[in-house]
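Under the heading domain 'Histone acetyl transferase HAT1 N-terminal', TrEMBL lists 3-145. Marked as site 'Interaction with histone H4 N-terminus' by TrEMBL: 157. The active site, proton donor/acceptor annotation in TrEMBL covers 234. Under the heading domain 'Histone acetyltransferase type B catalytic subunit C-terminal', TrEMBL lists 244-295.
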């Protein structure tokens, strides 16, 4: 909500993807008819919500929806719409927290103009940021399936925030677009390994490239530190992996070790070293970057080039299957004949080949989407 009229505008409304962490695995609030829970957010994250119908039926009490919401929302919110609207007037005083890292623009077709966005790095020493973050993190419960609140008293956390700049009556205001939390792990003897923990771009801003801008900005921030070994992510989602592929390929494509001639010679230690030293990318992620860029350099219509690429990627993908074969060799020495037959039935080589080919085709499909996006960037 930026203006009072937004309260009645369906275009400013979006629904949660998940509610199981509040209402249980079935995502059901029992005992209501026509129930609506409305959470209104502004840049300072005061919250107003309403619910309909709370009555006893056949001696069974309805769920206490209000108390469930209160469990994840910090104190200080209002439940009266008039009070909420009055708070909008104070929004002009809100300013982003921390240090400005990056400014960029996105063209908005509907508005017919470029809109400016800024990315900041903040921490708990910034005045007011702790209270702001308490409200900001409530979004995680609605949009990340396994979300949990972090220990903000741990000084190893870094916070990166995206804001939109907009004007109202001649004043410059800021609206929250999304954010990322990163934990700095210690690596013996004198390094750190930043690990992305949570990342969320709010639904009204998704599909506009803000996630890529945020991740690239965070990478560039850590790249400048000689104390950082490499950057990883905690339990990354499929969408995050695709986003990371795009950002890392964009960063790596101009490195000399990824020139077309060297790509066709195969994955090398030179690629691993240069990607880690210059861009803080680990070996596993560097390998994916290599496979994506080699696909771009490969003429898949040429039988020999296509075969060479396919075999190169499958040599990596076959790792888990080779592990099964080693386990099978051990079984031959240890198991009785009837036990061995049972295990052999579970390791169907034809099925393994089919799964390997399926994995390869899916990977190539994902890689092509990364290259298509890169071509449009």
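Cβ coordinates are placed from backbone N, Cα and C, and glycine is handled just like the others.
Owing to the predicted nature of the structure, the values given are computational and were not obtained by experimental measurement.
Local packing around the recorded positions 157, 234 was summarised as the count of other Cβ atoms within 10 Å of each Cβ; on this measure the leading residue is 157. In terms of DSSP secondary structure, the domain 'Histone acetyl transferase HAT1 N-terminal' (3-145) contains 45 helix, 22 strand, 76 coil. A distance of 14 Å separates the Cα atom of residue 157 (site 'Interaction with histone H4 N-terminus') from that of residue 234 (active site, proton donor/acceptor).
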